[in-house]
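Participant: Just passing along the structure, written as structure tokens.
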Amino acid sequence: MSPEKMVTMANQIATFFKTQPGDDQLDRFAAHINDFWEPRMRRQLLDHIAAGGAGLEPLVIEAAGRISEPVE
Amino acid sequence: MKDFIIPWNDADMGTPAKTGAPVTLTIDGAAVTVPEGTSVMRAAYEAGITVPKLCATDSVEAFGSCRLCVVEIEGRRGTPASCTTPVAEGMVVHTQSSKVQKIRKGVMELYISDHPLDCLTCSANGDCELQDMAGAVGLRDVRYEPGDNHFDPTGTGALSMADAKRREGDGNFRYIPKDESNPYFTYDPAKCIVCSRCVRACEEVQGTFALTIEGRGFDSRVSAGGAMDDFLSSDCVSCGACVQACPTATLQEKSVAELGTPTRSVVTTCAYCGVGCSFKAELNGDQLVRMVPYKNGKANRGHSCVKGRFAYGYTEHKDRILSPMIRESIDEPWQEVSWEEAIGFAAKRLKSLQKTYGRRSVGVITSSRCTNEETYLVQKLARGVFMNNNTDTCARVCHSPTGYGLGQTFGTSAGTQDFDSVEHTDVVIVIGANPTDGHPVFASRLKKRLRQGAKLIVIDPRRIDLVKSAHIKAAHHLPLRPGTNVAVVTALAHVIVTEGLMDEAFIRERCDWNEFLEYAEFVSAERHSPEATEMLTGVPAETLREAARTFARGGNGAIYYGLGVTEHSQGSTTVMGIANLAMLTGNIGRPGVGVNPLRGQNNVQGSCDMGSFPHELPGYRHVKLPEVRETFEAAWGVTIDPEPGLRIPNMLDAAVDGTFKGLYCQGEDILQSDPDTKHVAAGLAAMECVIVHDLFLNETANYAHVFLPGSSFLEKDGTFTNAERRINMVRRVMAPKAGYADWEVTQLLAQAMGADWDYAHPREIMAEIASTTPSFAGVTYERINELGSIQWPCNDSAPEGTPLMHVGGFVRGKGRLMVTEYVATDEKTGPRFPLLLTTGRILSQYNVGAQTRRTANSTWHEEDVLEIHPHDAEVRGVKEGDFVKLASRSGETTLRATLTDRVSTGVVYTTFHHPDTQANVITTDFSDWATNCPEYKVTAVQVSPSNGPTDWQERYNEQAEQSRRILPAAE
């Protein structure tokens, strides 16, 4: 998918979890990505983060380590 | 032929059932005990005695006008009508005596004196209560001379229409010719006995009030609408309730007139909306004569709408494709081939794609119109044969946020109530739903409750019919700006919490108190107050406050919602907000309350239950869970991919990227129904094997390489699950026209790809579902037949199913109040696109219209039109009926405009039933944050005058025409 679309989608999810109370927003964001994003989408996101993560919410970049590496 | 008749009793018992303390009486020497308030007529029926009747029928309250049901009661004077006389303890009733027999005979003689004697050629012959009653009371002669009457057009004293045809006379001003304006039924005033059953059915059952009795005494006539109206131009919604109630041929299905009275019937389930009405398919041989709503159907209780009742003609339509077809590429014409060749071609291509592009390069879309068993097999094809989780269903684009939102808050992805629950509701919120068009039979049940005094709050940008129509009026209408649902719902919660209207005892007992405190702090913030959100939402603060108070203080509160909630960037958040409202006010876990998603298609609930989503195995269990995978791995003998698969929009993105190459799409038309048509078309065009399995060459088939003919709901066995979680039986009434039921076709494809599937009947598939899915553990075909239907969960602790969920405790344990911060959608109006487009449905058409457009339902809705406020129209120079161009950043299309103040200024509205309109060329790729459910309900657009179709529409039609060419079969 286009990088803009992926960034929008990731940011939308981050925006929701950012508003949630507690101190586990990073975990909940990453869990959502792990639960619903197909491996090639996660690959694209992780690659985008590795390339600097242009346009992504800070929460997305911060949660990168918690996003599972796609399993082939 | 095998006999499918279900011997359940659905006889007319004369008057409606009552609930009350038991009362015992004696009728014709037999003791009978019935609930207090029951009529003597119904009590007699319970005792096995049929009292003659004409104006009574058990779908409406007794009226007492025909005097045919008179009886004698010991100790009472005269001969009371048994239909209007309630039972009393110790009452002794005689239904037959020389006195009542004489009265009845006299009544019948009078009726027959103004009725044509055309019984042998009458369309109701054999199905006429007047005829039956004449026999039952022993009428053997009519002594009245020909005189003033309503049936003889010549005025010459003809006794029958047949006789009148051969006479000439001065005419008869009382004679009114037959009204044939409705495409499905006729009104023949000559045969009317003015029993008022039709008028009462229209009022009490349907709630439309289109019919009335005009005139008095001998001048009384049934009349639809005003003086100049016929049935078609009146308010009549063609639900069929009047036809059902009519005891004679006065209101008669045209199909019965044409095909004769049906001789057998099969109880089955409607294949239109998520209400899931039960019908009797009435047939002669394997020819369907009519569909009649089934009285014992627990979703519809004997009612129907114009779609289920009449719009079944598509199953016989000439456009149906009955031969499998293939082609090398989509610019070639189709070639008709054998099933074997088509399946072989498809299997070979899919296997080769997987070999070249990898295991995850192909996937499936299951159909929310097919049965549970068929859906189960299609997702099993992805998981157990393709060996990936690339399965999705049209629920992605409608109710996926319901699954996510209710799962998070309550712990189950389904509505909490049954439809009967509405009979106990005191205050109803309808948000983002238009039940009178989308879910008409539920709407009728809701309107009945509203007429009894329940209050209604409508939250919708449009003034939908429920806001104000005959004998109902919403207490509050919150006409919010599209895209601001979360702000409105959170503001309602703000009022409830800050004004102390919440049910604290309920929250303490049933929810997590600490989570509530966090939530209360969030929601009490000033930014959520109605005053603060008014500028944003357009809803006056005071109206919103009053609505919140009405809901919180009004007794049993129920929330019904539809796609106006889910199809937004914050669809899932709104669903959570709705769940919050129910929890805050303690409206969960008993009759009359709850959170009730109104499902779009007949089996959306079922397709979600059956594991159609790419992250979930059947029963809403994530594929990452090893114990869940183990269950299915043991049953299927395969290893299941633990990674979630692609959702529909992701499949299309991946296709454009070149990593997704093959799709098996059963019973869904993604090119027409999914947003951003150009993107969908690009995705489909990039695939190398698109298999469309459908009744018709739908729009998606323009990009298909294999077409597999589908079977209609009349041609197969299986089950549908409606919005109440009710598993209803679908019964085969005729053989599949193309040779195979859809589940058999999926099985053939699986076998061709090497699977060892061997199902002989859908019953065996259900057995596999029950053995692997805890919420279906107790479901078998035998059990469904025995109980009529079952609401899941059905297992050892709920062997007869579960009408109400979360009684005594939430499925997830404690109910979870979720923080719902409003985030404006990125889809914003601006100078180029200053208006907001929102989309919806109309009563007579269904979804993309593939079915209803191929019936006479198009009489009511030939094309999609754009509703625009007169002010917005005026500044653009748009007049009623003008062609206008509708443009968004995604694309543009043209359609006709209609000027109405049902929409506010700044908002325009259309439907998406017709492929010519291509409303989805306009909609964008924005979607719900959690589920990717597209944001159909908010698109920034501009409207301008236009001369005709856009270039895109013309190119599209040209491509479609090219693509639909079929070569004659090889000799």
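Glycine is treated like the rest: Cβ placed from N, Cα and C.
Dumping what TrEMBL says about this protein:
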- B:952-964: compositional bias 'Basic and acidic residues' (COMPBIAS)
- B:21-99: domain '2Fe-2S ferredoxin-type' (DOMAIN)
- B:99-138: domain '4Fe-4S His(Cys)3-ligated-type' (DOMAIN)
- B:183-214: domain '4Fe-4S ferredoxin-type' (DOMAIN)
- B:226-256: domain '4Fe-4S ferredoxin-type' (DOMAIN)
- B:263-319: domain '4Fe-4S Mo/W bis-MGD-type' (DOMAIN)
- B:943-971: region 'Disordered' (REGION)
Participant: Within the compositional bias 'Basic and acidic residues' (B:952-964), how many residues are helix, strand or coil going by DSSP?
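Facilitator: Summed by class, the stretch gives 12 helix, 0 strand, 1 coil.
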Participant: How about long-range neighbours of the domain '4Fe-4S His(Cys)3-ligated-type' (B:99-138): same chain, 6 or more residues beyond its ends, C-beta under 8 Å?
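Facilitator: Counting only partners 6 or more residues beyond its ends, the domain '4Fe-4S His(Cys)3-ligated-type' (B:99-138) has Cβ contacts under 8 Å with 50, 52-54, 66-68, 70-72, 79, 144, 149-152, 159-162, 190-191, 193, 247-249, 252, 256-257, 261.
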Participant: Residue list, the domain '4Fe-4S ferredoxin-type' (B:226-256) vs rest of chain: Cβ under 8 Å, 6 or more residues beyond ends.
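Facilitator: Here the qualifying positions are 54, 57, 59-60, 115, 122-124, 127-130, 179-189, 191-193, 195, 197-202, 205-206, 208-211, 262, 289-290, 292-293, 302-306, 309-310, 440, 444, 470, 843-844, 859-860.
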Participant: Give me the DSSP three-state residue breakdown of the domain '4Fe-4S Mo/W bis-MGD-type' (B:263-319), ordered helix, strand, coil.
Facilitator: 9 helix, 21 strand, 27 coil
Participant: In this predicted model, what is the average pLDDT of the domain '4Fe-4S Mo/W bis-MGD-type' (B:263-319)?
Facilitator: 95
